[in-house]
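Student: Questions regarding the structure given below will be posed in turn.
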Amino acid sequence: MTPTDPSGVDTSTYPTFATSPEIAGRDYSVRNSKVSGVDVSGPGDKTNNARYENYLKDRFDKESNDTTPNDDSLNYRHKYGQGKIAKDSEETFNDYFVNNYPDKSPVSLSNLVSLNSNTDIPHSTKATHSRTNDPIAVAPSPISTLTTTASVTIATPTTIAATAPSIVTTTTPSTTTTHFIERGKCLASCKGVPDGDYQSCFSCHFYITCSNGFLWDNRPCPSNLVWDDLLQMCVHATSKLLADYKEPQRTEILDYLFKPNFAASLQILKVEIGGDAIASDATEASHMHNSWEENYQRGYEWWLMKEAKKRNPNIKLYGLPWDFPGWIGNGTQNPYQDVVRLATYITKWIQGAKVYHNLDIDYIGIWNERSYDIAYIKTLRLMLDQLGFENTRIVASDDGFQYIVEDMYKDAELTAAIDIIGVHYPGTYSPQNAIQLGKTLWSSEDYSTIDNTIGGGCWARILNQNYVNGYMTSTIAWNLIDSYLEGLSWDRDSLMTAREPWSGFYIVESPIWVTAHTTQFSSPGWSYLRHGHGVDHLEKGGSIVSLTSPDKTDLTVVIETMSHDQSVCIRPNLPGYEVEPQNISLILMGDYVDIKELQVWYTKLGGNTSSSVYFSYRGTVPVQNGLVTLSLGVNEIYTLTTLTTGKRGQYPDPPASKPFPIDYYNFFYELNDSSEAPYFSAQQGVFEIVSVSDYEKHMRQMVLEPPIVWCGVSGKINATMSVLGSDKWTDIYVKAETFMVAINGSKAVYIAARIDSSKTGCDTISATGLFFFVIPLDQRYFLAKDLAGSSVITGGQSPAIDGVHNVLELLVLNGFVFGMVNNVDLFNVSIPHDASPSGFVGVGTDSFGYADFGYFITRNASNALIRKEDKTLRFQSMVHD
């Protein structure tokens, strides 16, 4: 199905359009959408250039505050879904902008339009990038310049003079005229105004954002909120839904992850740029489901980044796409069909982060563990620079070393465009040709191991040895936290576990405290010392790394002695080795010769949690004549540091663990538009809350065409599925109200039970369970054992009617399955012996396309008494037949 823009404009092909700091993310539509927080741009309409040019001129010259929506506004809610079509014209806008704003010329993409994967950007269009303010200094390499200062040296028969890398960073300040703004007054211009949000002159239900002198106007407050300029935020007229975890547990979990000097104190947060497709455990929503709309309120990643920044303003943010919406590939699985289109899509996400959430994205990746395109990388670098995101650095290619390194040696411009070589699961080693490039090296995804004591040992070993062996200055764990339904893929492959918001239960696992040994005693901007001078393998197994503050006044030494069996990661294979107890001596020299004592923090990882010691403060160790002596056991971690700020944060025990409540209901009306319903986990497609009237909200499946997928097999199924509940459920009652959307709607909708948890995630293509499909247009139904509908149990005529709300009910009890639509019994059959015996409940569609769910209910099957008395008795009699 080719998606249809509700305005009638054909969007099956996506035209190239210009993007600049003045226009990206802003609303230049002569139509209006009432969807809260949506701001879109899209295909050009060249039939309306004169009116559009005047409209733009009024906006840019700030001569008119009359931004009342045009009378031809469209309500996209119930009939069309969310979104609106912008009337833009590349030629008209560029001509106007260049003529009237020569000092702020937009991105010129005319020389990029014909680019493909075999065409390079002309060298003159791309300057070589010299980066400053690295999170951690670039690892020493044969082409690095080193300045002799100081180091820590492991005592050996011959003590070698100490050297350490010194990174000098300079910043050239720009000249800015500052205007003092009185809060409480609306703004019509951002010239000379500090970055921030201000009162709109249009309405108290809107506000504007100033960013780098540019004005982003008439941004609507979320539903039921009004702007308070003294607080610089949209404030509640009623109330706001909390995240799935209630307080205080939500704050506690976030503090364990991000709060400095408390627990993990994470220094970098890498998030997925949602692409409307499955990425291991669930789908994540794109900011542009379709070419004609944008929305920067979808998903949980914005919230998570803001919570991290709230606790640690210095944390670095890194975005990486795993999947892409289908329109990017124009019907193919190739996102590089049009590199300008793809670069525009990614830069819009970066702009949305800044404009809507005041988040600066520090790093941007290419495509998770999939192919890269040289022309795209160069185009992305050029577009980022032109849009004012020179400080957003490109990481490539989030896969292996070989091909990206080889291409960088062949192409100086590509090398200049890439700031960091990021690889996944390198096994702590980097090839020599990668080191000799002189680029920063990262293990940009690693760990992925169960968060028990062995997982903690894996994490301790690679945090040190990724630098000792591979000169990698950052190691990023996948995944951050197990906050997905138990039974889904990659169970507990995380730093900690928090997957019961209904009970409030969570577990702080060993990797949290292993992380603290490094992160609480170093910061972005610190440097590793040289190999052989504080960075090395220990003689009897284990490793040592040493880090120093930029001014060389503080020193941190991290030592690990993880045995093979206590530190096996899920990948790659770890060759055997031995570790023995040992005594070591450290000699402090140079700038560190006057240190008199070091703070000591200690972890011992045993075979289980009860025999382990996590991040224990052991007082100080004296430094006598520059010498420190330690006795090391096996499976231990020591941090020796001059810093006195370390802390083992602790909250009271959380509430007890409880299973998912079998009695669940959600009518969605209290949820924010564009949010996801609590506890649902989409495995194919994206399910968002939409307003269909002033008093009614639905959960809608939003994806209209097959996306470009990371999971290869998931691209072979044209169906959607979102699951909920427990993978152990057997007998269950499920009820949902459904509605088929007229434009861009799917054909059939279903409710399901006993969805096998082993057939979710990337294996959703083979999902099994009991799937009750209803096709209102044909007034038919069928019950199948699989999502693909290839194994039908029964079927027939259905009273469901297209264009109205239909109520579906499914009861699984005592070896039978019963189905009903609009209070009409449709089937009563035995469950086949080869059907899935247990699993989640769920909803979905037979194909990509809009479909609505007005409410969703589950009940204990034997107590399904929410029905009318006669229907309850009918079900009971059917059970006993």
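Yeah, the Cβs are placed from backbone N, Cα and C, and that goes for glycine too.
I grabbed these lines from TrEMBL:
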{"type": "COMPBIAS", "residues": "1-19", "note": "compositional bias 'Polar residues'"}
{"type": "REGION", "residues": "1-20", "note": "region 'Disordered'"}
{"type": "DOMAIN", "residues": "236-520", "note": "domain 'Glycosyl hydrolase family 59 catalytic'"}
{"type": "ACT_SITE", "residues": "E369", "note": "active site, proton donor/acceptor"}
{"type": "ACT_SITE", "residues": "E445", "note": "active site, nucleophile"}
{"type": "DOMAIN", "residues": "533-646", "note": "domain 'Glycosyl hydrolase family 59 central'"}
Student: Which residue among the active-site residues E369, E445 has the fewest other Cβ atoms within 10 Å of its Cβ, if you could check?
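Tutor: Taking E369, E445 as the active-site residues, the minimal 10 Å Cβ count falls on E369.
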Student: Please report the distance from the Cα of the residue listed as 'active site, proton donor/acceptor' to the Cα of E445 (active site, nucleophile), rounded to the nearest angstrom.
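Tutor: With distance taken Cα to Cα, E445 (active site, nucleophile) is 10 Å from the residue listed as 'active site, proton donor/acceptor'.
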Student: Average pLDDT across the domain 'Glycosyl hydrolase family 59 catalytic' (236-520)?
Tutor: 95
Student: When DSSP states are grouped into helix, strand and coil, how many residues of the domain 'Glycosyl hydrolase family 59 central' (533-646) land in each?
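Tutor: So the domain 'Glycosyl hydrolase family 59 central' (533-646) is made up of 6 helix, 53 strand, 55 coil.
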